[in-house]
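Student: My structure is below; once you've seen it, I'll send some questions.
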Amino acid sequence: MSDMRINGQRLWDSLMELAQIGATAKGGVKRLALTDLDKQGRDLVVRWGREAGMSVTVDQIGNVFMRREGTNNALPPVMTGSHIDTQPTGGKFDGNYGVLAGLEVVRTLNDLNIRTEAPIEVAFWTNEEGSRFVPVMMGSGVFCGAFTLETAYAARDTEGKSVGEELARIGYKGEQVPGDHPIGAYFETHIEQGPVLEDADKVIGVVPAVMGLSWYDCVVKGMEAHAGPTPMGLRKDALQVATRIMQQVVAIADRYPPYGRGTVGMVQVFPNSRNVIPGEVKFSIDLRNVNDELLNTMHEEMLAYIEQTRKDTGLEISIERVSYYPPCPFHPDCVDAVRKATAKLGYSTMDVVSGAGHDAIYTARLAPSGMIFVPCKDGISHNEIEDAKAEHLEAGCNVLLHAMLERARAA
Ligand SMILES: [Zn+2]
């Protein structure tokens, strides 16, 4: 049993075939959630699932569950999966790898004629990327009750098309009530989407947790005035004050290594004219940490700094928290299963905390969950140049196979 291996070439070939649907000129993929291309991708994966002997269930938010029966079908399934929607300039591996690695596990079990006690399921979740429709991780979010089906259905893209309409149009508005679907354990394989594994020259990332995050919208209001006649001491320059806060975002993150993160990624300056003192600056703040207490400390320090800056400058500064996800530690049993499988297979490994969100955050609210990371080139993802080595993808899939077998038990 322990020398069982998946077929790396078959996994690679499937990834490349799926990547042709929505392929971009620069070698990436554009397959936005609930578009015609998403339908084609879904249809292909479902066809592969059926060819591998799996039955298929679709729930009301379009999550798809492909099932291989066990010898004891009263047991909840050991599930794996991810998503097949992509960013507008996405890559071939983000999400797709997690789904097709699951399919490859089933194909391997079929080849070797191995039955498991618990059923095995391969899922793909609707609109993980959140690019066309907000919120992100929509399918798994509805599944675990983070928000309602009605909220999800009502979300609209920039053309005004709703999730409810688009799901029906592409034929993936299923019958099953989201969440009305037991999960015994959930594993998700994913490219790391960061540079840590590659930098340390390790093959498998064991993922103990996903970072929590706080998102804010900050607005600094000053006074627009002519850049020449207004002396330096008599200005209310919103941008100069905003940049102090932006520096502080990074300083706060630096005070809480190794998992403190602070980013200002979006800035709007008004009126954005070279000879006008900026009257208003709007910008985003993204704070992260794997420890909720530290994340909260970072939050408090941010607010205190803004309060102080308000006093020091007399400018109007508003800050609003627009999103908060607590850190998500994965279940020790699942983390252990991944660790053991990696050791058994002899791959080099290290722990990698995920800085990005994944569907597994939501499944973790319902069932023991865990993740397996493999390196991606230069740590780059959400980009058409996203790349990963076939041997690493194969290794991650082997770990998935053995971790799932430990939970589902070969009959
Ligand atoms: Zn992803």
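Backbone N, Cα and C define each Cβ position, glycine as well.
Predicted automatically and left uncurated, TrEMBL annotations should be read as such.
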Student: Quick check: of Glu69, Glu121, Glu129, Glu406, which does TrEMBL put in the same Zn(2+) 2 site as Asp94, His382?
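Tutor: Candidate listed by TrEMBL for the same site: Glu129.
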Student: According to TrEMBL, Asp94, His190 bind Zn(2+) 1; identify which of His83, His226 is listed for that same site.
Tutor: His83
Student: Do you see any of the binding-site residues His83, Asp94, His190 whose C-alpha is within 10 Å of His382 (Zn(2+) 2 binding site), and which ones?
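Tutor: Checking Cα-Cα distances against His382 (Zn(2+) 2 binding site), the binding-site residues within 10 Å turn out to be Asp94.
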Student: Where does His190 (Zn(2+) 1 binding site) sit in DSSP terms: helix, strand, or coil?
Tutor: strand
Student: Considering only the binding-site residues Asp94, Glu129, His382, which possess a Cβ situated under 6 angstroms from at least one atom of ligand 1?
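Tutor: By the Cβ criterion, which requires under 6 Å to ligand 1, the hits are Asp94.
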Student: What are the DSSP helix/strand/coil residue counts across the domain 'Peptidase M20 dimerisation' (211-309)?
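Tutor: The counts are 39 helix, 31 strand, 29 coil.
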Student: Could you pull the average pLDDT for the domain 'Peptidase M20 dimerisation' (211-309)?
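Tutor: Here the mean pLDDT over the domain 'Peptidase M20 dimerisation' (211-309) amounts to 97.
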Student: If we count other C-beta atoms within 10 Å, could you say which of the binding-site residues His83, His190, His382 has the fewest?
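Tutor: Relative to the other binding-site residues in His83, His190, His382, His382 has the fewest Cβ atoms within 10 Å.
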Student: Setting His83, Asp94, His190 aside, what same-chain residues sit with their Cβ within 8 Å of the center of the Cβ atoms that define the Zn(2+) 1 site, listed in sequence order?
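Tutor: Going along the sequence, the neighbours come out as Ser82, Phe93, Gly95, Asn96, Tyr97, Gly98, Glu128, Ile191, His358.
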